[in-house]
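Engineer: Pasting a structure below so you can have a look.
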């Protein structure tokens, strides 16, 4: 029942929200937001377990699939679409599904989140299999669309995890691993796009970033698999080579072009003073880890 969910409770500190000054509203929001990172911190051990499972999926050429409705679904898609430019992944490696389809990203689709079968259809459409990991996201922890997706994922042998913002969430029963970040009452009663949404975003940031580090997408703290899809990212790529190797910008730019805009290869070429082909071979043997290639 909704009334039993902490995310649906009224916040005792904001009973007079409509009477507050603009500054008081903003201060109140900021005060509540400061509690979110602390709530996430309590779940780090559970998040770590999820990351390990995702890394295993990636190592087996499986995928990470997020499913959610409303804000939760949008956050999953947001995290997924940032992976290709940041980590050089293809657009199938991390995917996000929202109840009602992509049109629901910008406009609510009535009733979609209440239909378990829609998630099964979405996951069937990509040929979900036992190598994949499905993460169901629901602030309330009870969304039927997410439950349906987790049930189907389990039926095909995929790994499953859930992210919710209430303890003892319903969706936790349908996932092997559970992250339950208890964010409590919102300043605007039931508006889980606020603290709950922020908590979900923080957890998704952790999962995707730590998982990509785990499969060699990062050297030191540099995103060496960045895709140079625009002028800003071309410049960033060259700067990454400078930071990783200590050479001048000109030398970095030269090796960037010699390496056919492959930042990892350019770094290996500079540090080992080798040719492009040899750098690629070393990276292949090292399974993409720059540090191991060196």
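Placement of Cβ uses the backbone N, Cα and C atoms for every residue, glycine included.
As annotated by Swiss-Prot, domain 'SIS' applies to 54-217, with the evidence given as sequence analysis. Here Swiss-Prot flags 82 as active site, proton donor, drawing on sequence analysis. Summarising the annotation, Swiss-Prot assigns active site to 113 and lists sequence analysis as the type of evidence.
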Engineer: Please work out the number of neighbouring Cβ atoms within 10 Å of the Cβ of residue 113 (active site), leaving out its own Cβ.
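Structural biologist: Excluding its own Cβ, residue 113 (active site) sees 25 Cβ atoms within 10 Å.
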Engineer: List the same-chain residues at least 6 positions away in sequence whose Cβ sits under 8 Å from the Cβ of the residue listed as 'active site, proton donor', in sequence order, or say none.
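Structural biologist: Listed in sequence order: 208.
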Engineer: Please average pLDDT over the domain 'SIS' (54-217) for the predicted structure.
Structural biologist: 97
